[in-house]
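TrEMBL lists 24-491 with the feature domain 'Major facilitator superfamily (MFS) profile'. Annotation source TrEMBL lists transmembrane segment at 20-45, 65-88, 100-119, 164-193, 213-232, 350-367, 373-392, 404-421.
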Amino acid sequence: MAREQLQVLNALDVAKTQWYHFTAIVIAGMGFFTDAYDLFCISLVTKLLGRIYYYQPGSDTPGALPSNVASAVNGVAFCGTLSGQLFFGWLGDKMGRKRVYGMTLMTMVICSIACGLSFGKNPTAVMSTLCFFRFWLGFGIGGDYPLSATIMSEYANKKTRGAFIAAVFAMQGFGILAGGMVAIIISATFRAQFPAPAYEVDPAGSTVPQADYAWRIIVMFGAIPAALTYYWRMKMPETARYTALVAKNAKQAASDMAKVLEVELESEPEKIEKMSQEKGNDFGLFSTQFARRHGLHLLGTTTTWFLLDIAFYSQNLFQKDIFSAIGWIPKAKTMNALEEVFKIARAQTLIALCSTVPGYWFTVALIDKIGRFAIQLMGFFFMTVFMFALAIPYHHWTLPDHRIGFVVMYSLTFFFANFRSQCHHICCSCRDIPSEIEVYLPWYISCSRQSRGNCGCIRVLVCCRWHRSEEDSSNSGCDKFPGNDFYFPST
């Protein structure tokens, strides 16, 4: 039996596309923009960190982060996101989206700045401080990520809900792109002001002292878009679905949405009271009844995102190592420290511009036309095809004449990783579930998805480092990524 709908919620569902929809996309989307920037900008500067803090006089290759340090620097933020999603997901359902939205944003701003201020007298102190603040940065991101999607879902209308939420997710692509562009600008500026020889010419002089400021600026830049968004986030009213269905404040929900939609709305407190007392609406998220009705959908959504994110996060974090392995980025010893940052950033920016960003916006354009399920199948299928096409004849792609072909194929994996229904978990309509769970569900699915994905990424980090330690004692027959600690079997 269909559940009776509140007027304020029905007005949101059937509302025509208005200016407030685009305002919500930008405000919520800036959360995804900042999340992506903060999570993936670290991959642009890890090799620079190795040159600065782990340089060994007399070595034939530039300094590199030790295996345990590299794993911690790359992976600790994901541990924070796991914790942050669990905590802020629960808090957002208790205190409301708007209040928690501001808390997560300020956590991200403060920790982004603190990461760049990771000072110490020795490498251990600097890396420890950086990892500490990267964890808390991830903690804030963990709350912001599902909250941004949830807010857009609760503001969107039915007709274009998929496109609007996909547009919020698409800001993640711009965040990745911005990270590369900022790194290009900063490294190019420092190179022009402080020229230095290549490592093979002058090992000590190839890393100028001012390079220590470059990576800090790149990391701290993530605080700027987050800080600029804070005012507008606080100006947004609480979502009507939370106010009416969870806080049970029908009058406030009607008043807030009347201003947003510019229409007259009835508060209907009696209807809310009646809905809360209905027999079929009293089971919880972790109840047997919920599992029987919706458990399969929840399991299917989170499992597919778990499997996807093993590839998605690993691709973004380690693409510089892959480019070095195939020779698209020159050997580390032929460059100075800032030149290496510039070329890594340029390569990653090119991939983001030509494949990552277009993939997101193809989804925005087509999600409400060809459907979520079809996009999911197509994205996963072509990702699989291109990854197998790269992995099976790997030696073929590492030959100088085939490198460009590798880059093109690799770019297509990024395109189809994002040309799929990322927002499928929010877009799903569950019309027959209890009012409270209808509001809670996007939070828990988002948290479950990202948490599982993060665990998968951490697992890849650990497994790669374990493989390296196994091969370290006898690495004959292995190719080492230039300037890094990964080993891949030679063909």
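Cβ atoms are placed via backbone N, Cα and C, with glycine included.
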Given the model, what does the mean pLDDT over the domain 'Major facilitator superfamily (MFS) profile' (24-491) come out as?
80
Of the stretches 20-45, 100-119, 213-232, 373-392, 404-421, which racks up the most C-beta pairs under 8 Å with the transmembrane segment (350-367)?
404-421
Top partner of the transmembrane segment (213-232) among 20-45, 100-119, 164-193, 373-392, 404-421 - counted as Cβ pairs under 8 Å:
100-119
Any contact, the transmembrane segment (100-119) to the transmembrane segment (20-45), with at least 3 Cβ pairs under 8 A:
yes
Residues sitting near the transmembrane segment (164-193): Cβ under 8 Å, six or more positions beyond its termini, same chain?
21, 24-25, 28-37, 40-41, 44-45, 148-149, 152-153, 155-156, 208, 210-211, 213-214, 217-218, 221, 225, 316, 336, 338-339, 341-342, 344-346, 348-349, 352-353, 356-357, 359-361, 363-364, 367, 418, 421-423, 426-427
